[in-house]
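One structure below.
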Ligand code: DQA
């Protein structure tokens, strides 16, 4: 299957950014281990700090790929545009957060995108991406 992983703003700093919350591994290093764990599937990775670029990527893959895993970062809590983009495409989307957003500031408790996603994983660290992939590749 063709699966797209999309990371939003500041997630390019994983491994350097607030390591007590997000851990010390870069996404690039984690992505190599993820590809090795899912050898039968083609995993694609895209990161952007720009809201419209994330919308463009959702449009680009959202009618042909088999699944999308998105960590929209802070846009999770603010972006009507990403909510609408997920709602407008055909490919199923799973929302992932590395940290447990419900154990953090109240402004992180609201996600504008969950209602358009198949489901949401929060607080499992980087493993959340693997859990999301397992859902997307499972027979339905
Ligand atoms: C995050 C949680 C968001 O609230 C935050 O803005 C992020 C990362 C997470 O993966 O835990 O950038 O999505």
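Cβ atoms here come from the backbone N, Cα and C positions, even for glycine.
Feature annotations, reproduced from TrEMBL:
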type	residues	note
SITE	17	site 'Transition state stabilizer'
ACT_SITE	22	active site, proton acceptor
BINDING	71, 77, 84, 98, 99, 108	substrate binding site
ACT_SITE	97	active site, proton donor
Measure from the CA atom of residue 17 (site 'Transition state stabilizer') to the CA atom of residue 99 (substrate binding site) and give the result in Å, rounded to a whole number.
13
Roughly how many Å separate the Cα of residue 108 (substrate binding site) from that of residue 97 (active site, proton donor), to the nearest whole number?
10
Candidates 17, 71, 77, 84 (recorded positions) passing the 10 Å Cα cutoff around the residue listed as 'active site, proton donor' are 71
Of all the Cα pairs drawn from 71, 77, 84, 98, 99, 108, the residues the record ties to substrate, which distance is largest, in Å?
24
Under 6 Å from ligand 1 by Cβ, which recorded positions from 17, 97, 99, 108?
97, 99, 108
Using a 10 Å cut-off, grab the number of neighbouring Cβ atoms around the Cβ of residue 84 (substrate binding site), all chains included.
14
Which of these binding-site residues has the least crowded Cβ, counting other Cβ atoms within 10 Å: 71, 99?
99
Of all the recorded positions here, 17, 97, 108, which one's CB has the most other CB atoms within 10 A?
97
If you count the other Cβ atoms within 10 Å of each Cβ, which of the recorded positions 22, 77, 98 comes out on top?
98
Based on DSSP, name the secondary structure state of residue 71 (substrate binding site): helix, strand or coil.
strand
To the nearest whole angstrom, what is the C-alpha distance linking residue 77 (substrate binding site) and residue 22 (active site, proton acceptor)?
18
Can you give me the Cα-Cα distance between residue 71 (substrate binding site) and residue 22 (active site, proton acceptor) in Å, rounded to a whole number?
13
